[in-house]
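S.K.: Pasting a structure below so you can have a look.
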Amino acid sequence: MHTSIKKLLITHHPNQPELHQAVMSIYNDIEEFYFSNAAYREHKVLEQLLEPDRIIRFRVAWEDDNHEIQVNRGWRIQYQNILGPYKGGIRFSPDVNEGVLKFLGFEQCFKNALTNLPIGGAKGGADFDPKGKSEKEIRRFCWAFIEELRKYIGTNIDVPAGDMGVGVREIGYMYGHFIKLDKEFTGALTGKGTNFGGSAGREQATGHGCVYFLESMLDVHQDDLANKKVVISGSGNVALHAAEKCLEKGAKVFSLSDREGFIHFKQGLNQELLDTIKELKLIHRGRLKNWADKHKAVEFFKKRKPWGLPCHIALPCATQNEIGVGDMKELINNKVRAICEGANMPLTAQAEELVLSSPVLYGPGKAANAGGVAVSVLEQAQNAQHMVWPLEKVDKELQQIMLDIHGRCIENNPPQNGKLNYKRGANLWAFKKIADTLVTYGIK
């Protein structure tokens, strides 16, 4: 890494390893392209992109069921609005901190650029743990959170959506309180329920979109999903809908996971079992272990990851850095054909290096999981037009968007040793779009 860039990263963003990892991953692909362009260097494009437009931090005080006041921290990282209004999810998790949100916001800029839709990049959230909280506690927290966040968002300013720990229920609580306070029904939040301005297909868009991107990868390499063994991590919105689409395409799914461990479906997951897990996770917020104890056809592995299971396809859909070098070696030794990221940066830097040097096809998250944000923009469009689109129209648009993203990843990016480097293609295309626009603006 160039000395000036490295110094800026270390001095301006100390002790934020996730951000450093995300920046390095992109920098390795764009370095030669960046320094060969005099206009980029003159405008210090990379230096500008490393610094968020603003970091908003606020106190979230709320009352629990015991009438005790609890205090959490909330953030909104408005990273850049070069291409359009800030856009990115809200995450509720005890693991949330400023560094994690900066990494997610930085990645979001490139992901959103890759969609070719008019949106900038942002991320937000709070260090609030929804696990074990009552319905009323979650509602009170959401109200307290949006009371602060509402000061900084709007349809043409910043349009948040859901993320880990924030689903349709939480968006509903926040949006209801938002319109009560602002007295205006707008598209200032996406991921809403379909009965109050949400889009059909939004909830499943990230998971389904990931599988659509995977299909394009396999198709280019003369393969498909039929009868493939698929291993999936996570059991949230993305993982469950990725599993759903894999089953629809004729693949066999053998795992799901949560913080406590993973379930091995010995005979493969079926739609009936998946429906019960959807209810467990998306409605009751239950634990996989408790569910597994009641089903003889599955086995639960406590504090384990599913990557040792033999598979053709791996879909990491849980969280960042969930696949380390040891996990990657197991996957490669088991002859995995493709890894497609439903989560953001689920591979450690070392695991990423290993997969890129192997014959395994690798779909990076900024391309593979862009379906969610893409359908969020379709939701904004419907809100602006006061229209409701049928699911078939939304899904058709999603399929085309994911196909176009795949095309951008392989544009001017010839295969090497029989496989395409999707990571390099995605980073170069997205960076060029952002950089060219920034040069056009001059100093933003």
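Yeah, the Cβs are placed from backbone N, Cα and C, and that goes for glycine too.
Caution: TrEMBL annotation is automatic and unverified by curators.
What you see is a predicted model, and the numbers here were worked out from it, not measured in a lab.
What TrEMBL shows for this protein is this:
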ACT_SITE  K123  active site, proton donor
BINDING   K87, Q108, K111, G162, S376  substrate binding site
BINDING   T206, N237  NAD(+) binding site
SITE      D163  site 'Important for catalysis'
S.K.: Cβ within 8 angstroms of the Cβ centroid of K87, Q108, K111, G162, S376: which residues besides those meet this for the substrate site?
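M.R.: For the substrate site, the extra neighbours are G88, G89, N112, I119, G121, A122, A161, G372, V373.
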S.K.: What three-state secondary structure does DSSP assign to S376 (substrate binding site)?
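M.R.: The residue in question, S376 (substrate binding site), is helix (DSSP, three-state).
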S.K.: Sequence order is fine: just name those recorded positions in D163, T206, N237 with a Cα within 10 angstroms of K87 (substrate binding site).
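M.R.: Hits: none.
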S.K.: On the three-state reduction of DSSP, what should I expect for D163 (site 'Important for catalysis')?
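M.R.: SS state of D163 (site 'Important for catalysis') = strand.
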S.K.: Counting every protein chain present, what is the number of Cβ atoms, excluding its own, within 10 Å of the Cβ of K111 (substrate binding site)?
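M.R.: Total other Cβ atoms inside 10 Å, all chains included: 28.
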S.K.: Return the member of K123, D163, T206, N237 nearest to Q108 (substrate binding site) in space, with distance defined Cα to Cα and candidates limited to these recorded positions.
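M.R.: Given the candidates K123, D163, T206, N237, the nearest one is K123.
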S.K.: Report, in whole Å, the straight Cα-to-Cα distance of S376 (substrate binding site) from N237 (NAD(+) binding site).
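M.R.: Distance between the two Cα atoms comes out at 15 Å.
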S.K.: Could you state, as a whole number of Å, the largest distance between Cα atoms of any two of K87, Q108, K111, G162, S376, the listed substrate binders?
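M.R.: Max span of the substrate binding residues, Cα based, is 16 Å.
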S.K.: What's the number of neighbouring CB atoms sitting within 10 A of the CB on T206 (NAD(+) binding site)?
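M.R.: So the number of other Cβ atoms within 10 Å of T206 (NAD(+) binding site) is 31.
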S.K.: Between T206 (NAD(+) binding site) and S376 (substrate binding site), what C-alpha distance do you get in Å?
M.R.: 10
S.K.: What's the CA-CA gap between K111 (substrate binding site) and K123 (active site, proton donor) in angstrom, rounded?
M.R.: 12
S.K.: Let me know how many other Cβ atoms fall within 10 Å of the Cβ of G162 (substrate binding site).
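M.R.: Counting Cβ neighbours of G162 (substrate binding site) within 10 Å gives 26.
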S.K.: For each of the binding-site residues (Q108, N237, S376), count the other CB atoms lying within 10 A of its CB, then report the residue with the highest count.
M.R.: S376
S.K.: Just to verify a number: CA distance, K123 (active site, proton donor) to G162 (substrate binding site), in angstrom, no decimals.
M.R.: 10
S.K.: Non-local Cβ contacts of D163 (site 'Important for catalysis') (under 8 Å, 6 or more apart, same chain)?
M.R.: G88, G89, I90, R91, K123, G125
